[in-house]
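Asks: Below: one structure in structure tokens.
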């Protein structure tokens with residue numbers, strides 16, 4: 001398991017970067033989605049019980065009980081999921097409206113605000 | 001304990017909710033917005049006094065002890081930034097009354113402004129790294145709404161770039177938060193600062209610090225990361241651009257100050273030469289970008305980038321002297337830049353275009369507007385007796401004292417280039433003879449003139465009474481750089497680790 005997690009995170013990031021570098025708005029959106037999943041998994045990998053984040057309930061001598069883990073990373077991920085969900089929904093609506101206004105899916109055509 | 005720190009947050013939440021409820025009754029909504037921003041302003045002015053008198057103010061959410069719960073901390077830097085932010089929001093709201101269509105007011109413009117100020121205030125006050133991320137998202141979501149409200153083609157295009165590039169910065173910030181938690185096992189800023197002193201692998205903290213530099217740098221628009229700014233800031237209504245220029249990039253700069261100046265001081269010392277290099281490059285590229293532009297708001301947008309270079313220079317000097325000078329400059333530039341957007345926007349509204357070649361002759365037709373514009377540009381360029389002179393003087397003094405000659409030289413040069421670039425607007429819009437008949441153009445209304453003029457007067461007053469401001473910012477810079485004092489204020493005299501160990505036993 002511990003080797004699969006970094007592979008999953010790396011694949012998500014690689015796929016996200018690939019999609020972000022494409023010209024299509026839809027692929028941009030999908031890339032951002034993958035990126036946020038990658039980050040969530042990255043945070044998840046930071047919280048395993050071997051590290052310094054300690055579960056809230058420990059044995060009397062301070063050692064970690066079996067079957068418990070650090071809950072804080074899961075709380076962080078939950079917050080991050082909610083926030084990225086809201087923002088991605090906003091981006092989707094914005095991309096739709098931009099698509100209606102500019103009448104193209106190609107980011108290279110959206111250059112009116114870049115001209116001198 | 002100082003639970004009053006939650007007052008401005010809660011009052012803005014209530015204000016925003018009421019402004020949504022009464023969105024259709026125009027005057028009721030306006031009253032609610034002015035009321036809550038005014039309350040925020042009065043509170044932050046009082047906080048300035050309280051911090052000067054009694055030192056740092058700390059409050060723990062829900063009564064949780066410091067490294068466990070979310071902490072709110074207000075020191076001198078927080079109080080200055082809060083006061084300036086609420087002043088600018090108040091002026092923006094007044095300017096919006098005169099400049100915006102009714103459609104904006106109907107479609108939740110005021111609640112979004114309040115939520116923007118809410119996010120900014122939270123980011124200034126929080127003492128928890130992840131909580132800072134959450135406040136960033138609060139203010140970014142409000143800004144996303146504001147920049148696209150209106151839905152013109154330019155706004156949608158500029159807004160998409162703005163949203164996506166800012167989201168990349170947020171994601172980098174989130175990665176940084178996750179890595180910090182993985183390495184030091186805490187997210188409370190004071191506790192991070194304490195545990196970083198005993199960390200086993202210093203290299204990984206430098207890597208994390210670079211991620212934070214990227215994250216906050218993309219919010220603050222430093223050199224390689226500023227592209228979202230000039231492509232989007234001229235698209236929304238002037239009032240929105242003005243409040244963005246005053247608040248958004250400065251939150252990024254403030255977060256750099258807080259996270260590097262207080263929490264990761266060792267990393268700041270490592271990265272200082274690089275930060276100084278970024279600072280002078282940002283100054284130069286911003287001002288050269290501004291010179292190439294022919295649109296009032298695009299010129300001013302590039303100047304935002306250039307001025308951020310000065311704020312970053314204050315950080316890169318890596319001393320309480322440098323941070324104090326940077327804070328002084330940042331507070332000044334927030335006020336002046338917003339006033340210039342107000343006045344330039346008023347000129348834009350008169351001519352119906354922001355293209356400076358198509359404008360002209362305004363000095364004769366609107367002399368009052370011209371006087372305030374002129375005072376504004378000499379303040380931005382850094383000439384006495386305006387506040388800009390003292391802001392730059394403090395930075396240059398700090399630079400010379402610490403022997404950072406290159407950045408100090410470039411900062412001086414950039415001041416001259418700024419004056420040159422601003423005089424271009426002065427010549428084209430105000431001084432040159434207009435080729436068209438300008439007697440038929442509308443006159444500037446008092447509502448458009450007053451907010452900008454008031455901010456210029458405040459800049460003049462801060463310049464004339466500079467000793468007060470200099471004293472206060474040196475107090476604030478000292479507090480910002482005083483890591484041990486910060487830890488003790490937040491966690492008590494024994495520090496956060498003692499509280500932590502006592503609690504998990």
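Glycine residues also receive a Cβ, built from the backbone N, Cα and C atoms like all the rest.
Feature list, courtesy of TrEMBL:
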TRANSMEM  B:6-24  transmembrane segment
TRANSMEM  B:31-52  transmembrane segment
TRANSMEM  B:107-126  transmembrane segment
DOMAIN    B:127-417  domain 'NADH:quinone oxidoreductase/Mrp antiporter transmembrane'
TRANSMEM  B:132-151  transmembrane segment
TRANSMEM  B:163-184  transmembrane segment
TRANSMEM  B:204-226  transmembrane segment
TRANSMEM  B:238-259  transmembrane segment
TRANSMEM  B:299-318  transmembrane segment
TRANSMEM  B:324-347  transmembrane segment
TRANSMEM  B:368-391  transmembrane segment
TRANSMEM  B:403-423  transmembrane segment
TRANSMEM  B:444-470  transmembrane segment
Asks: So, does the transmembrane segment (B:132-151) come close enough to the transmembrane segment (B:324-347) to give 3+ Cβ pairs below 8 Å, pairs being at least 6 apart in sequence?
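Replies: No, these stretches are not in contact.
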Asks: Would you say the transmembrane segment (B:132-151) and the transmembrane segment (B:238-259) are in contact under the rule of three or more C-beta pairs closer than 8 Å, pairs 6 or more apart in sequence?
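Replies: Answer yes, regions in contact.
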Asks: Under an 8 Å Cβ to Cβ limit, what residues of the same chain, 6 or more beyond the ends of the transmembrane segment (B:444-470), are close to it?
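Replies: Beyond its ends, the transmembrane segment (B:444-470) has Cβ neighbours at 87-88, 91-92, 94-95, 97-99, 328, 331-332, 335-336, 338-343, 345-346, 349-350, 366, 368-369, 372, 375-376, 379, 384-390, 394.
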Asks: What same-chain residues lie close to the transmembrane segment (B:31-52): Cβ under 8 Å, and 6 or more beyond its ends?
Replies: 4, 7-8, 11-12, 14-16, 18-19, 22, 74-76, 78-80, 82-83, 85-87, 89-90, 93-94, 110, 113-114, 117, 121, 472, 475
